[in-house]
Structure formats: structure tokens, C-alpha cells
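Enquirer: From TrEMBL, here are the annotated features:
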{"type": "TRANSMEM", "residues": "12-33", "note": "transmembrane segment"}
{"type": "TRANSMEM", "residues": "143-166", "note": "transmembrane segment"}
{"type": "DOMAIN", "residues": "297-354", "note": "domain 'PAS'"}
{"type": "DOMAIN", "residues": "375-427", "note": "domain 'PAC'"}
{"type": "DOMAIN", "residues": "459-592", "note": "domain 'GGDEF'"}
{"type": "DOMAIN", "residues": "603-856", "note": "domain 'EAL'"}
Amino acid sequence: MVEQVNRKPFLLLVSISTLLFMLMLFGAVWIFIKHQHEHHMEVTKALARGQMEVISFITQEELQKGNYDTIALLFKQWASQYVEVDEVELISKNGFMIAGYGPLNPADRRFVTEKEITYSYRGNAKLMMAYSLEGAHKLTSELVFQMILAGLSISFVFSLLFYLFASRRQEAGLLTNMVDELKDAESRNKRLAAYPKANPNPIAAFELDGKERFYNPAFKRLIDLLHAKDSSVLLPDDHAEILKRIGSGENQLYAEVDTGYKHLLLHYQWIDLVQEVYVYIQDVTALRLAEQALIDERNQARTTLSSIADAVVTTDANGRVVYMNDAALKILDQDAESVIGKHFEAVFVLMDEELDTQIDDLLVKCQLNKTGAVVSQLARLALVDGNNLHVNITANRILAKDKEMSGIVVVIRDVTRERRLQEELYRQASHDNLTELLNRSAFESHLEQSLESARKRGHEHILCFMDLDQFKVVNDTCGHVAGDELLRQIAAIMRRHFRGSDVLARVGGDEFGAILTDCPLSMAQDRVNGLRKEIQEHTFTWQEHNFRISISIGIAEIDQYSESIGMLMSSVDAACYSAKDSGRNCITVYQRDSSSTKQLLGQMQWVSQINNALSEDRLVLYAQPIADLQSNDLVIKGVEILVRMRSQEGELIPPGAFLPSAERYDLIDRIDYSVIEKVMRLLSQSGPDHPDCFINISGMTLSRNELSAKLKLLLDKYQINPQKLVFEVTETAAIQNLTSALKIINDLKELGCRFALDDFGSGLSSFGYLKNLPIDFVKIDGMFVKEINKNPVDKGMVEAIKTVADTMGLVTIAEFVEDSLIQEELKRVGIYYAQGYSIARPKPIEDYINSRNGQSNIIWLSS
């Protein structure tokens with residue numbers, strides 16, 4: 001019992017001592033844990049600041065280049081490699097996020113570090129990085145747990161040792177050993193806290209003399225990945241120099257190493273706590289490859305843009321010029337440094353061609369254009385030297401990743417040459433090359449404007465149509481070169497007699513038109529009469545020839561009662577022809593209510609219809625058979641070709657309606673040539689056994705020297721027998737210009753063609769001319785044939801013509817054989833051939849060609 005009493009104080013003392021020791025121990029542990037926690041936080045923040053320096057260094061470098069995409073890629077890569085990096089943001093001065101990266105659920109405990117970055121003229125940007133402290137807190141928790149376990153162990157050991165020391169003093173040496181072990185554990189814990197072995201990024205520690213203190217597993221894995229023997233492959237050539245500079249007071253430095261397989265960024269950081277230099281290694285291979293790809297892409301794009309002939313300009317969202325290709329700089333005759341950064345409108349002064357105001361809303365147009373369509377416009381570019389270029393500008397938006405407009409791209413194409421060419425083509429299309437006056441098309445456009453102003457605003461103008469009277473004489477005598485010079489001289493005279501506001505044009509070969517704007521009739525008459533007098537007094541000299549020229553002029557008023565351009569041109573044309581009919585070299589004013597003018601105008605209306613019919617191939621050929629009266633059966637010797645005109649509505653117009661106008665207005669030769677070619681084409685398609693074709697030609701065609709040449713070309717083209725062609729000319733046409741007619745007839749007969757004298761007997765001296773014409777057929781005028789059974793005189797004329805023709809060896813043909821009685825009488829008289837309704841009515845020539853192929857009982861006889 002005494003022993004027990006004696007032991008209680010001892011146990012109490014032991015318990016109190018143990019409790020005090022534990023309190024002291026836990027206090028010491030708490031102080032130690034607090035110190036280690038602060039150490040962990042200091043190391044973590046140092047790592048964060050080190051990484052902030054690294055990323056700010058790279059960010060500022062890329063930001064100066066304007067590589068926002070590279071920065072975003074850097075943030076993403078950095079955050080993915082550094083698990084402690086919770087968020088990275090680059091924010092402009094005005095609060096706009098330039099680039100950023102962050103998780104959906106940010107850490108609750110983190111350390112935020114910020115740094116101001118200066119780039120170009122835009123000002124400063126703030127780089128913010130949030131570094132998670134969860135790892136440091138976790139490490140502290142692990143340390144607390146280890147310290148508690150160690151404390152409990154130490155308490156247990158200490159209590160046991162204390163108990164043993166009290167009971168067994170001989171075991172005092174064991175306590176000393178336990179204390180040494182405790183110190184070793186504390187040293188290992190410090191090393192564990194100071195060296196982040198679990199960091200996934202390579203980290204190594206060096207003393208200032210270069211001695212390697214340690215490297216983490218990630219550093220060792222990188223060495224193995226590169227198949228290196230030691231860490232030297234990861235260090236720069238100036239590694240020792242960098243350590244020396246840090247020893248001299250530079251807190252942190254950077255270096256970059258290209259191992260050939262990896263691009264590594266090394267951050268040297270002096271850690272004062274452990275008196276060592278930490279080297280943090282960042283794998284920037286993907287970043288450098290992406291950066292190089294962007295550089296290559298940018299260089300390729302700039303090379304492409306530099307080779308484009310068009311000027312290409314890009315701006316930022318505020319309209320300041322960011323880039324220009326060589327073509328743009330060449331147009332401005334400036335270098336890039338002088339224009340980059342300036343506002344687009346200050347560099348390119350583009351003027352609206354219609355409004356003559358500066359175009360300063362391209363940026364706004366592109367901003368408002370949400371569809372992405374290209375803004376295009378023609379403009380005039382004003383250069384600093386005072387010159388102007390005609391340009392075609394196209395602009396479109398440049399979109400950032402957030403689909404917001406980051407600028408615009410403008411393409412400027414110099415179309416000055418094309419515009420001048422277009423103007424020249426317009427001038428050529430609207431002007432006569434010979435006289436430099438307006439041509440007919442441009443003249444009619446001005447006439448339309450004058451007619452509109454007269455109708456809508458009550459203006460009164462004068463329209464003139466002027467035709468030279470002796471131009472053909474000059475052309476035929478001296479040739480077209482002389483005629484061209486005469487036209488130029490006449491144009492120069494005309495310019496002197498018309499005002500600058502008047503419109504003067506050459507509307508035909510030797511025809512001119514003029515519009516005297518806002519001019520009363522009396523003033524116009526005085527002006528054109530002065531012109532007429534000067535032309536009359538003008539002597540045209542060509543080589544040894546002198547010519548006196550005159551002009552016929554028609555005048556019509558343009559007022560609110562004028563109907564159309566066509567009617568105005570027809571009216572003034574009619575007035576001009578009336579002036580010619582009045583003896584030429586005079587002026588005729590068109591009077592709307594004049595019966596003679598209306599009659600002439602009616603004839604002239606056929607002119608356009610005939611021209612249209614010729615150009616649209618609406619001349620229709622009919623044929624009327626010519627029968628052999630002396631044969632026992634009705635044998636058809638040939639056909640006379642008759643012409644009709646089909647209207648635009650499809651109706652057939654008889655020749656008596658349009659041929660007089662064609663003869664009056666010099667269109668009959670075109671009709672003649674059209675008929676001749678149509679006949680030849682049809683005969684060439686029907687085979688060689690075709691009938692004789694009697695084709696009428698006018699006196700005008702017969703007087704033209706080119707008839708024989710054109711006919712020879714057609715014969716060569718269609719390869720038909722020329723003896724099958726019989727050309728009919730009237731007695732009047734033949735004797736009107738007998739010398740010319742004889743030459744043409746002889747030329748055609750040499751080609752193999754034959755001739756018939758039509759309407760014989762209608763002239764007073766028919767028999768006198770008959771012996772001088774080398775013809776083959778005589779067609780007796782129908783006025784004698786129709787009354788042969790009733791009028792002895794007519795019968796006597798027919799018999800006389802028959803006798804003379806037989807004497808000359810000519811074949812007689814009677815026209816207008818209307819019935820069988822006339823037919824029988826002609827046969828009795830001895831007329832060889834006849835044509836008329838008693839024989840056959842005219843039909844389309846194709847019908848007779850088909851009949852020739854066996855669809856009719858008509859007997860055809862080839863000569």
C-alpha cells in the first residue's frame with residue numbers, strides 16, 4: 001500500500017510532465033507547421049511569380065507582333081501543363097479581354113498576381129494569373145498529418161523514455177538516439193517542402209558554382225526522352241554565365257534551348273530560402289511550331305498580296321491602316337512607315353464619281369453589313385500630285401474569333417485604262433471616224449432628248465437634214481479618197497455655222513443632220529441658209545479637178561406636237577427630198593398640213609419598210625410561165641420572176657405599192673441584186689435542168705458599172721448555166737443612158753446571159769433604138785395585146801413588131817394574154833411565146849420548181 005502511495009505521486013509527476021511535454025511539443029509542432037505552411041506559400045507564390053515572369057515575357061513579345069491567336073494558344077498550353085495555373089487573362093486598358101483561359105470551376109483558394117504590359121501605340125494591358133493554392137494547402141495538411149503522427153509517436157516515445165528514465169535511468173542513451181532520429185525526420189520534411197518533386201514540369205536546382213543539387217522526376221524523364229547522358233543537353237551554352245549573373249544580384253533570367261526535338265524555355269529563379277537557383281523548364285515546342293506556322297502563313301499571305309496587281313489595304317476596327325501591299329504603296333508613291341497607323345480616309349481620298357464628295361463611310365458600311373456581302377463601288381482616287389485615278393473599290397469585314405469585326409479589308413483596282421478605253425470605245429461608237437461628228441445612233445439619242453424636252457417642258461427646237469447634191473460626181477470622178485476629203489471639208493464648214501449647244505452629225509454617206517436647240521424657225525432658216533451659201537461658193541479642188549458643190553436642206557420643227565423620232569426623221573427627210581425635187585441647192589420647211597409633203601412622206605415611209613424587208617429577207621419571189629404558142633401542146637419555155645414583199649404582219653404587198661418608192665429613193669438596185677441571188681440559189685438547188693428565168697432589172701441597176709462584176713461572182717458561187725438567165729430591161733431604161741446600157745448588156749452577154757426588151761412599143765422611137773440593142777427577146781407591150789381582137793391599130797402594131805423582130809432574128813413574147821381568143825389570134829399572127837392569165841397565173845417560184853419535178857401537167861422545154 002505504501003508502495004502504491006509512493007507510486008501515485010510519481011505517476012502524477014510523470015503524467016504532468018508528459019502533459020507539459022506534449023503541450024510544449026504540440027506548441028513547437030504548431031509553430032513548425034505554421035512556419036512550414038508559410039514556407040509552402042512562399043515557394044508557391046515564388047513559383048507563381050516566376051511563371052508570371054515567363055508568361056509575361058512571352059506574352060509581351062507576341063503582343064508586340066499582334067499575334068493574339070498565339071497568346072491564346074500559349075495560355076491554353078500553359079494552363080494545361082501547369083495544373084496550379086487556375087486562370088490566365090490578358091485585359092486591355094479599356095477592359096476588353098484580349099485573350100484568356102480558365103476552368104469552369106475555379107479554385108476556392110488561389111493567389112492572384114498581375115503585371116502591366118506595354119505594347120505599341122495602344123497603351124498598356126494587364127496580365128492576370130490566378131495560381132491555385134490548393135496544392136500548398138494540401139501539402140500543409142499532409143505535413144500536419146505527418147507532424148501529428150510524429151508528435152504522437154514522439155509523445156509516446158518521450159513518455160515511454162521518461163517513464164523508463166524514471167524507472168530505468170540506464171536507458172537514457174536510447175532517448176538520445178530517438179532525438180537524433182527526430183532531427184533527421186525534420187530535415188527530410190524540410191527538403192520535401194522545399195523541393196516540389198510532384199511538379200509535372202521539369203525542375204532542377206543548382207548552386208551558384210554550377211553544382212547540381214537535385215532535379216525532379218519530370219526533369220529526369222525529359223533527359224531520358226532525349227536519350228541524353230546528363231542534364232547538359234537541357235541547359236544553354238551560357239548556363240554558367242547565367243548562374244554568375246544571378247549571383248551578382250539579378251534575381252531571375254530566361255534562356256531558350258533547341259534540342260532539335262524540343263524547344264525548351266528555361267526560367268532561372270534564385271530561391272533565397274534554400275540559397276539555390278531553381279531552373280523551371282517549360283516545353284514550348286507546340287507554341288514555337290504554331291508561331292512558325294503563323295509566321296509562314298503570314299509571309300505566304302503577304303507574298304501573295306504583294307504579287308497582286310490590285311491595291312490591298314487592311315485596317316483595324318477603328319479604321320487605322322494596319323497593312324498595305326506593294327501595289328497600294330506604289331499607287332500612293334509612299335513607304336509603309338508613313339501610312340501605317342493613319343486613318344484610311346486620310347491616306348486614300350476616294351471621291352464619289354456622281355456626287356463628287358469624299359467616300360468616308362466604308363467602315364460604317366462594313367459594320368452595318370451583317371450578311372458578309374462585299375461592299376463595292378466605283379470611285380475616283382485623288383492623288384497628292386493632283387492626278388486622279390478611276391478605281392473600283394471593294395471592302396469587306398475582318399472577323400475575330402468572337403465573330404466581332406476587328407477591321408476591314410479594302411481592294412482597290414485601278415480601272416483608269418479600262419475607263420479611258422471605254423470612253424474611247426464610246427467615242428468611236430458615237431462618232432463618225434471620218435468627220436469626227438456624231439454618228440446616226442448618237443444623233444438619234446440627242447433627238448430623243450430634244451423631243452422629250454419639247455413635250456414635257458415646251459421647248460422648241462429645229463431639226464435639219466442636209467444632203468450634198470454633187471457628191472456622187474466627185475466620188476465617181478476622183479475616187480473615194482477625194483470623196484472622204486470633201487466630206488471632211490464640208491463638216492468643217494458646218495461647224496462654223498452651228499452653235500456649241502447645237503448637235504451636228506453625219507447620218508449617212510453624204511447626209512448630215514443637225515438639231516438647233518431652243519432656236520426659233522426664222523433664226524434656223526437664216527443659219528442654214530448661210531451654210532448653204534458658203535457650200536455653194538466653196539470650190540473643192542482635187543488634183544487637176546475643180547468641183548462646185550451644193551446642198552439640199554430639209555427643216556422640221558420639234559415641238560409638243562411632234563409624234564416620234566421616226567416621224568421627225570421621215571418629215572425632215574421628205575422636206576430634203578422635196579428640196580432636191582425643186583432643183584436642189586435650196587431649203588424646204590416641212591409643213592404638217594401640206595398635201596404634197598404628205599404624199600412625199602407617204603412614199604418615204606416605204607423606205608424603212610423596204611430596208612427592213614431586205615435586212616430580214618422578206619422579199620418573196622413569184623413566177624409566171626411563158627408558153628410556146630406555136631407548139632401543138634402547151635409547152636412552157638420559161639418563167640418571168642416577179643417580186644412581192646411580205647409585211648411584218650405576214651401580208652403580201654404587191655410590187656406596185658413599194659417599187660416606185662424604191663426607185664425614187666435609190667433602193668431599187670438592192671432589190672434587183674436580192675432577186676438575182678435568190679433566183680440563182682433556188683436554181684442551183686433544183687438541178688441543171690431548170691427553166692429560163694426572165695429577171696427584171698431597173699435602169700438604175702443597168703447604169704451601175706458593178707453589175708457585171710457582181711453577176712460574175714454570183715455565177716461562180718452558184719455554178720448555174722448563165723444562158724438560163726434572161727434579164728429584162730424596159731425600153732425607157734435602155735435608151736435613157738444608151739451608151740452605159742450597151743456596155744453593161746455586152747458585158748453580161750459575154751458571160752453567157754441573154755436580154756429581153758420589155759414593154760416594147762411604148763416609146764415613140766422604139767424601132768429606131770431596136771437595131772442598136774444586142775437583145776434576144778422582144779416583149780410586146782400589153783397595151784397592144786389586150787385589144788388585138790378589137791382594135792385594128794393594135795393588131796397592126798403587133799404584126800409590125802413581129803415582122804421587124806423576125807427580120808432581126810429576135811424572139812417575140814406577148815404580154816397580158818388574158819383569154820383564149822387573144823391567145824389564138826397571137827398564134828395566127830405568128831407570135832412565138834405568150835404570158836398572161838390565159839396561160840397561167842403567177843405562183844410562188846417554189847411551186848413551179850416542184851411542178852418541174854412531176855407534180856404538174858405543164859410541159860417544160862429547155863432551150
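Numbering starts at 1 and runs along the chain as it is shown here.
Quick reminder: no glycine exception, Cβ is built from N, Cα and C everywhere.
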Enquirer: How about the domain 'GGDEF' (459-592) and the domain 'PAC' (375-427): at least 3 CB pairs under 8 Å, pairs 6 or more apart in sequence, or not?
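Expert: Checked: the domain 'GGDEF' (459-592) vs the domain 'PAC' (375-427), no contact.
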Enquirer: Report the DSSP secondary-structure composition of the domain 'PAC' (375-427) as helix, strand and coil residue counts.
Expert: 12 helix, 30 strand, 11 coil
Enquirer: Give me the DSSP three-state residue breakdown of the domain 'GGDEF' (459-592), ordered helix, strand, coil.
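Expert: Counting residues by DSSP class gives 60 helix, 37 strand, 37 coil.
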Enquirer: Which numbers of helix, strand and coil residues does DSSP report for the domain 'PAS' (297-354)?
Expert: 26 helix, 15 strand, 17 coil
Enquirer: Mean pLDDT for the domain 'GGDEF' (459-592), rounded to an integer?
Expert: 90
